[in-house]
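Trainee: Below is the structure I would like to discuss, written out as structure tokens.
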Amino acid sequence: MDGVIQLQRQLVDYTASLFHEGFLDEQFNQLQQLQDENNPDFVVEVVSLFFEDSERLLNELAKALEQQCVDFKRIDAHVHQLKGSSSSIGAQRVQKACIAFRNYCDEQNTEGCLKCLQQVKHEYSLVKTKLETLFKLQRRVLAAGGSIPKPI
Amino acid sequence: METCNCVEPQWPAEELLMKYQYISDFFIALAYFSIPLELIYFVKKSAVFPYRWVLVQFGAFIVLCGATHLINLWTFTIHTRTVAIVMTIAKVLTAVVSCITALMLVHIIPDLLSVKTRELFLKNKAAELDREMGLIRTQEETGRHVRMLTHEIRSTLDRHTILKTTLVELGRTLALEECALWMPTRTGLELQLSYTLRPQNPVGYTVPIQLPVINQVFSSNRAVKISPNCPVARIRPFAGKYMPGEVVAVRVPLLHLSNFQINDWPELSTKRYALMVLMLPSDSARQWHAYELELVEVVADQVAVALSHAAILEESMRARDLLMERNVALDLARREAETAIRARNDFLAVMNHEMRTPMHAIIALSSLLQETGLTPEQRLMVETILKSSNLLATLINDVLDLSRLEDGSLQLDLGTFNLRAVFREVLNLIKPIASVKKLPVTLNLAPDLPEYAIGDEKRLMQTILNVVGNAVKFSKEGNISITAFVARPESLRDLRFPDFFPVPSDDHFYLRVQVKDEGLGINPQDIPKLFTKFAQNQSLATRNSGGSGLGLAICKRFVNLMEGHIWIESEGLGKGCTAIFVVKLAILECSNESKHPFMQKGPANHGQTTFSGLKVLVMDDNGVSRMVTKGLLVHLGCDVTTVSSSDECLRVVSLDHKVVFMDVCMPDGFEVAIRIHERFTKRHERPLIVALTGNANKVTKENCMKVGMDGVILKPVSVDKMRGVLSDLLEHRVLFEAM
């Protein structure tokens, strides 16, 4: 029993720290609320979809920026998508980086865009790692017989 | 002897008689000849004699008479016939001329006489004119003096200056020794010496007013000569040797403002007079002339007028000063009031926001907390927190409402609402408390009560809740019954309340609600106090019932705003009480609703909590967003279909879908909306279209409205927000713009 409680506490602390450091925001809580008996893996599914989507978009972005003649419209559309996805799951820092990216797009500033792309990639990889750790912790708690506490 | 033609006189020449005749004739001739000479001489001297030819005639007569007498001298002795003839001719001529003259004189003498009378007449006239000239001159003198005096007097509005000037000028004009003014004292029983010309006279000396001489002067408006020995005149040291100069006194009416009527002049109504005494210098043997007396009378009148003007001016200056003071005070008070009002408004504005914000946070978060997993103790704690915060929020709202109500700035939020649902909700809210106190509550809604009505739902509910709450609060046992029905116009007319005038009309009806309880009752004497704010019924039994005493006061104001009336009937303590109110509501005609997309509404409506089986279509090209939205809707029990493109959406959408959520950032988001509108023309069968967007700008909202969307939601959407959106969309079907 002790172990479960400890694991649970670890999970809660870790989740809290993610929120505290700004990786995740309120929207992630909403997602967790939607998870119930009918939909036990809702959050994991959504986040996996997010990972897939984002990686695809980031590749497209990198390709588009390497072009001779940069098509800022397409880049803007991709960044918009990425922004939407990240805000849907509550990946706050990614979303903010996307907003900055869009500004440079509007200015048609290739240099700035490249820099922002790097930033977004960086944030994305950070949040991906964090979320994967979080899910691992959750699996451990479940394996130990405890339940994932609902967000406060 | 030759016969000579001589005539012999009858008597001898030597006779004495003849001698005397001879001498007389000589002298007569002499005189007769000298008279014309004198006449000529004097007439030549004076040029004005009008009757020259009369003189000539007269001269001729006299000359001839003289000649006759002269020639007569020769007839005393023997004289020739020639002399006799000449004598005869002369006599004849003389006779003729004298007859003519005599005849002339008959005409001339009356003329001469009338000349004389005319001369006398003219002399009299001249004397008269002289006299009149003298009079006019004196009058003119008088007039000049009066004008000058008046000018002097009127040039100042200061009472003292007026009086002093009068005395000085009169003294100068009339060369008086002394001039004094006696004014009546406050008591009116004495005359006090107020002003004199010579400063050494004792000012302040008084004399009783009832002296006969004073009465005499006061009873006439003329200047009256008085004796120098009477008390009013005995004010100067007698310096002369023989006789003190004559003294004249005149009354000066002291006119009060109230004496001036519009149409008549004050005649005998003035009772107060001052006395002006004028004394001629002693030993001058001067007398008071009539024109001097007149002058004095005129001056006295002028002084009276000037004094009244001065009095009027004094009054008006005083009134004006008073007014100015009052104005300043009023201005100050007004500014203070304004400051107070401003301070209160600022305070209210701050209170409004500052107090509501934390309350909102507390209530919102507590309600969210309720939805999470809690242990029973935690749940109880959270519920208590929620209840207390709601009470506090209600109190804040009440107080703020009341201030706004008092201001008159509160306006009803009119809207269509379900009337029966309001009563049901009140019942639901009150049932827990009533059941704790074991008070059965029954609700009787008349069958003809309309389902929907137009009015201020929130405040109506507040009123009903307050009244029912009071019934529960003040009952320890017994039944509580709530009855609601449509009041007939006749029964309304029977209610005789002084300030309630029901006006029946076709599109309004009067809702009458009665809440009867069998509780503590109220003393009929206390009933009027019930509706005054902050006044509580201080009987022991009710002291612990809580409440701030505002409830009924606010209810009354709400009911008044709804053009109704609220009153309480009770037979006395322990006999229960019935609270009745009547309000005017508008009848809902037909489904003439207009739809506006509503902006973010707070977590207010928790109408439906699950929407099981509600068919919903979600269109979003972003996979993650699509999945999240689907998850939200599935959590709420909906049957969700997702599409990722507009073509797919148009293919899939059907009448089964009640709501379509679309991400309008998609390229043809708006077009899809238009197509759906075209396809499903019947309004209540068309699926409702709601836009999901991440941009909160006006342009997006306007575009959504333009294409006829039924709602706009801002991403990200929380569970509560989605719940609220769905229930609003579905339950009302009709959306009014949220305030």
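Glycine is treated like the rest: Cβ placed from N, Cα and C.
Remember, TrEMBL labels are computer predictions, not curated facts.
Relevant sequence annotations retrieved from TrEMBL are reproduced here:
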TRANSMEM  B:20-41  transmembrane segment
TRANSMEM  B:53-71  transmembrane segment
TRANSMEM  B:83-109  transmembrane segment
DOMAIN    B:350-589  domain 'Histidine kinase'
DOMAIN    B:615-730  domain 'Response regulatory'
MOD_RES   B:D663  4-aspartylphosphate
Trainee: Given a Cβ distance threshold of under 8 angstroms, which distant residues of the chain, six or more beyond its ends, lie next to the transmembrane segment (B:20-41)?
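Mentor: Those are 13, 55, 58-59, 62-63, 65-67, 69-70, 72-73, 76, in sequence order.
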Trainee: Using DSSP, tally how many residues of the domain 'Response regulatory' (B:615-730) sit in helix, strand and coil.
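Mentor: Result for the domain 'Response regulatory' (B:615-730), in helix, strand, coil order: 55 helix, 25 strand, 36 coil.
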Trainee: Going along the chain, which residues six or more apart from B:D663 (4-aspartylphosphate) have their CB under 8 A from its CB?
Mentor: B:M619, B:D620, B:D621, B:N622, B:S625, B:G669, B:A691, B:L692, B:T693
Trainee: Could you give the mean pLDDT over the domain 'Histidine kinase' (B:350-589), rounded to a whole number?
Mentor: 80
